[in-house]
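Participant: Structure below; questions to follow.
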Amino acid sequence: DVPKATEPRGDGDGPRRGSLCDRHCAAINNAQGDLGDPGCHLHRPRVPPAACPPSCCQQHSEEVCESCVVKTTLTAENAVEANKLSNNYKFGFKKWKSHVTARPWEDRSEIVKELYSDLNVVRGSGGSTVTCGNILYLLLFGWWLSLLYVLVAAVMFVTIVAAPYGQLCWDLAGYFLWPFGKVIQKVEVPKSCRALGAGESTALLGGSVSHRWHPPCWADAGHWQRAGAAAWLCLGYPVLALAHGLVCVAAWLLVVLIPVAKLSARTATRVLLLPPERVLIRRLRMTEVPLEGEVILCCYCAANPYYYKYAVDGINVFAVNLLPLVLVTLVLGYVDSHNRLTSSPVKFTLALLSIMPLSYYIGMAIASISAQSNFAVGAVVNATFGSITELTFYITALIKGSREGNRCYAEVVKSALTGTLVGCVLFVPGLCMVIGGIRHQEQRFNSRSAGVSSALLFLSVGGVFAPTLFSKVYGKLVCGECHNVTQNPLGHYLCHNCHFDLMDNNGTLYYSHVQPLVYTVSLLLPAAYLIGLFFTLKTHSHIYDIHISDCHMPGHHHSAVVHWSRWRALVILLLSTLCMSACADLATEHISPILTNSTISQYFIGVTVLAMVPELPEIVNGIQFALQNNLSLSIEIGNCIAVQVCMLQIPILVLFTIFYPTNFTLVFSDLHVYASMFSVVLMNYIFMDGKCDYFQGTVLVMVYFILLAVYFFAPSPSGC
């Protein structure tokens, strides 16, 4: 959606390194040509490569090209949107793709404009109306809607006084069987009771006017119409309004059939409430001349695959459709506490799915508040609510495990933490590379900014797993059962369920050595996170080299119309957090049967479902950035989440255990340690050169699936 400059290309498939050198050389030779200059860079004349002296490009052949890669100039419609774009590149801030302000209508593409049309625009002939989407409408809705109109028409004719409405229903039966290429108009009728002549036609439309039944001239027209309207509102309209309501809801939930939802909503609210003599249904044949009278409905296609972009007040249509799921989850979870209506696995699934739209609303609220506030407020909001989704689930799970004395909940939390770390390091950037590589042959990103996140990730992983390594060095190995495989007392023994016991000698090792180490690490990791914020946002902010330019054409409006004000975003943020807490409580309440009765390892449940479902909105944002050739943000999304897991979420959980004792200890299994360290090393190796393609993304995704297979076949942790 962001307007981009069109630059001439060479014979290659993409922009060449030489063109970067040419632009940099032009900037060197021209003092006004720097990217940081105010004004719109799209309207700045481009210096041709020939204007650049050969000596300049030879002198800066490699260093210049590498420096040009990290320079990023962004265009924004207004100051609020510019602030949001700038926040996307700041370390520790939530990366958000969607607009927080309403985009000017003139800046939108024709495809997007068509999504928001009211189905009352008559356009030229666009070919045949027999399409797959229209046939799908006929099979799903058209045939039974038409039949229902025929039945209602029969009832209206029986009442005699409502016969005009019966004629209208008869005409609408043919319309809704195949509404494409037809138009419904609101016409003005003369006050006299003269009926329209049969077969009256118009050269404009080339079709005949529908026959209309009118009361005789000797009848009391006012009394007749009132009686007919009463019969219609009592017998006909409620049935049809209910049918159109069902069609509207079903079509809206299918997203691609939103035009059908608009068609039904407009029919129920306008067409069926008009007097029948003022409704005219015609088939279009010639549309070169504007139609006479108001056009109420004119539909050409029932399906549009681009409706995934549709938004209601800035909220994506999928998030809107999933919002009722949250209400259903809360009602079933707290009203049906004895599982009379649904089972625990169903409630757990609903609670987990409800986390997705709530995560979207929390992300949208954080981005809106940060874009409309200063840096300090944005940093506080991001640090406070950036990890609220995951922390809510982890804390409720630990509380439930502590109350029941069940260690499985603590192991599931550790698996979810490791799954989030591994998924954000391997799966999120890998998937973005693969999808972005389909459109772009090679993608480049800011290797210096990625290096900062990688360094913090190395530090955080080392700190998080330091108590685990310490316990393996000094802990006592205890095994559940051992068997002599050689029948010799001095022979070899085969042992199962072995682990390092830290509670030997009344827990001296744990309380005197491991626990102080855990507290020390939990203090150092947030301190390192703050230092990383200060480094990237204050002293070395030039690493990102972000420039915001206003790129509106003259005459466009620059005032920002925000979707959510700061107070509205704050209220939505608090309500979403409250609902998130309730859904997390329901998920942990009904996860116990799954952990005990499932044949799948608890490790696998934690690293997949519990870890990645809350991150789905972030994954979608990363994919959208990659498709726009902005892989830097796609990588930063995964890195920032992984860093926050180690440097914020885990220390907060350790701090929570101080005030509320639980079974959570910062000692992980060997599988978690090896998977996390291998993932971080591989990620740093892939991101070393600052460029990537779909093959490298495939490698990351495949390694992630291999680790998932390892977790799937791994035995459940001891004690579960």
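Every residue, even glycine, has its Cβ placed from backbone N, Cα and C.
In case it helps, TrEMBL gives these features for our protein:
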- 132-182: domain 'Inner membrane component' (DOMAIN)
- 346-465: domain 'Sodium/calcium exchanger membrane region' (DOMAIN)
- 569-711: domain 'Sodium/calcium exchanger membrane region' (DOMAIN)
- 135-163: transmembrane segment (TRANSMEM)
- 239-260: transmembrane segment (TRANSMEM)
- 315-334: transmembrane segment (TRANSMEM)
- 346-363: transmembrane segment (TRANSMEM)
- 375-396: transmembrane segment (TRANSMEM)
- 416-438: transmembrane segment (TRANSMEM)
- 450-470: transmembrane segment (TRANSMEM)
- 517-537: transmembrane segment (TRANSMEM)
- 600-620: transmembrane segment (TRANSMEM)
- 641-660: transmembrane segment (TRANSMEM)
- 666-687: transmembrane segment (TRANSMEM)
- 694-714: transmembrane segment (TRANSMEM)
Participant: State the residues, same chain only, that lie 6 or more residues beyond the ends of the transmembrane segment (694-714) and have a CB under 8 A from a CB inside it; answer 'none' if no residue qualifies.
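Facilitator: Those are 415, 422-423, 426-427, 429-434, 436-438, 600-601, 603-604, 607-608, 671, 675, 679, 682-683, 686, in sequence order.
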Participant: Using Cβ atoms only, state whether the transmembrane segment (416-438) and the transmembrane segment (666-687) have three or more pairs under 8 Å that are 6 or more apart in sequence.
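Facilitator: Yes, the stretches contact each other.
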Participant: For the transmembrane segment (450-470) against the transmembrane segment (375-396), do we get 3 or more Cβ-Cβ pairs below 8 Å once near-sequence pairs (under 6 apart) are dropped?
Facilitator: no
Participant: Answer yes if the transmembrane segment (346-363) and the transmembrane segment (600-620) have at least three CB pairs under 8 Å among residue pairs 6 or more apart in sequence, and no otherwise.
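Facilitator: By the criterion, they touch.
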Participant: Where among 135-163, 239-260, 375-396 do we find the most Cβ pairs under 8 Å to the transmembrane segment (517-537)?
Facilitator: 375-396
Participant: Give me the DSSP three-state residue breakdown of the domain 'Inner membrane component' (132-182), ordered helix, strand, coil.
Facilitator: 43 helix, 2 strand, 6 coil
